[in-house]
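Following: one structure in structure tokens, then a few remarks.
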Amino acid sequence: MNEFFQNFLTQAREIWGRLSPNQRFAMVGVTFITIVGMIAMLIWVQRPKYDVLFSGLDEDDSNNILVELKSNKIPYQVEQNGMVILIPSNDIPETRLTLAGKGLPRTAGVGYEIFDKVNLGVTDFVQKINYRRALEGELSRSIETIRNVDKARVHIVIPEERLFTEDQQKPSASVMLKLRPSTKLDEKQILGVTHLVASSIEGLQPENITIVDSYGNMLSSVQAVDPMVKLTAHQLELRERMEDYLTKKVQSLLNGVLGTGNSVVRISAELDFKKVDQTIRTFDPNNVVVRGEQREENVQSNDQEKSSTTGESTITNFEINETMEHVVQESGSIRRLTVAVFVNEPTAMVPPATGGDPVRQSNPRSQQELDNIRAIVQNSVGYDPLRGDQVAINQLSFDTSQVDQEKQALEQAERREFWYSVAQKVLLVISILIFVLFARSLLRSLKILPPKEAAEEGIETAVPIEEEISLEAQKRAQIQEQVLIFAKEKPANVAKLIKTWMVEEEAGD
């Protein structure tokens, strides 16, 4: 093995010595470019994919997290002025657990862990302050788990206890919410935050809680709401829920029949919020029943005439058939429905008669198809003509330009991702091929005949024209040719030279 490497190095030195400066420069350049290209390709292919570790961080949290990442030697990238930190995807789960164990990020503030360490000599005042800080931090963490809430801060005012009840002040709280971009909280969520805070602090009433957003807009009102206004809001909410339920019901059916995006449904519902409590009594004079009967007999006697008189009377009481019905009609029943349905008019690509690119033309639906759609809608909403319900079906050509643009953008992104992956593999293959071809060319240039075999073959050994002749073989051939020419021109000198070699050889023996 050592002999092989020695021969290889010797031949390499010989080849390098016979190369011209331009050839040496070209060989060094090709080798350098090949090695650098392969290293760059390997780094490019194997580079890690970065994903978001945390976003929406403040300066303190971002700085503390970066310190931990540096200490653990985890590569990272920072974007949006430190608000977003990215690390390799494979390290995200473990890193989050590690940082959570160290209390990072601390955006929500300190919680009940403030009492984990027992400090001797702490005054009662400091204990109260720590309790309030812990309560504010825990409430902030709970509120931040609500959807659409990015950050939350809670401030609590707990007054000191007074000796007299009339002097005791009520606790209060204020909540500031930073919502996620393009989102808002509905009335139920705001009411939920209000009761969450009120239920967490002893003696705190919902009307003493103020909720604002990061722009200073009031989200909750401390003023009492008129009961009639509450009732109207409830009726509107009930109406919206009914319309939304019926709309989704009809839309799901039409999506299955016409396909998603080929229909739009809008339903307007009129509800009856009157609560009716009535008692109905019905009498049937044709159906009577004897309730009771009373009979009286009177007998009178006359002693002088020796005669008697008998009198009889009957009193009959009848009961008329009576039906009593107690009806309670709850509010919220449907008074009238109005349904509007728009269906997309089908189109087809039709080649023009004169030739050229196909043109999109409309292909309207038949009246029978529209009637079938109308029947489906009527059965879905519980159509009742006695209520005055109306169902309108119209077909129009939908504007699909935005959808087409989004679809085209998605296809372009997928196509770009595909060609990006193909380019990575092609460049890797090309780099390997360049390296193999360069190594093969280098090995071919190193293939020369060993000296022993050249001596055995003699001067008359002919080298085929098709084979590549190394520089050393060409030089040897030139020397042989010069020797033959010299022997032909000066044979006497050659004879003397040969005799001298023979004498020297005999003397050596």
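All positions are counted from 1 along the displayed chain.
Glycine is no exception: its Cβ is also placed from the backbone N, Cα and C atoms.
Nobody curates TrEMBL annotations by hand; they come from automatic prediction.
Now, the feature entries from TrEMBL:
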- 292-306: compositional bias 'Basic and acidic residues' (COMPBIAS)
- 46-220: domain 'Flagellar M-ring N-terminal' (DOMAIN)
- 254-398: domain 'Flagellar M-ring C-terminal' (DOMAIN)
- 292-313: region 'Disordered' (REGION)
- 25-45: transmembrane segment (TRANSMEM)
- 418-439: transmembrane segment (TRANSMEM)
Which residue counts does DSSP give the domain 'Flagellar M-ring C-terminal' (254-398) for helix, strand and coil?
23 helix, 87 strand, 35 coil
What average pLDDT does the predicted model assign to the domain 'Flagellar M-ring C-terminal' (254-398)?
81
Sort out the residues at least 6 away from either end of the transmembrane segment (418-439), same chain, that have Cβ-Cβ distances under 8 Å to it, and list them.
30-31, 34, 37-38, 41, 44-45
Within the same chain, where does the transmembrane segment (25-45) have neighbours whose Cβ lies under 8 angstroms from its own Cβ atoms, ignoring anything closer than 6 residues to its ends? I mean 6 or more beyond.
19, 424, 427-428, 431-432, 434-435, 438
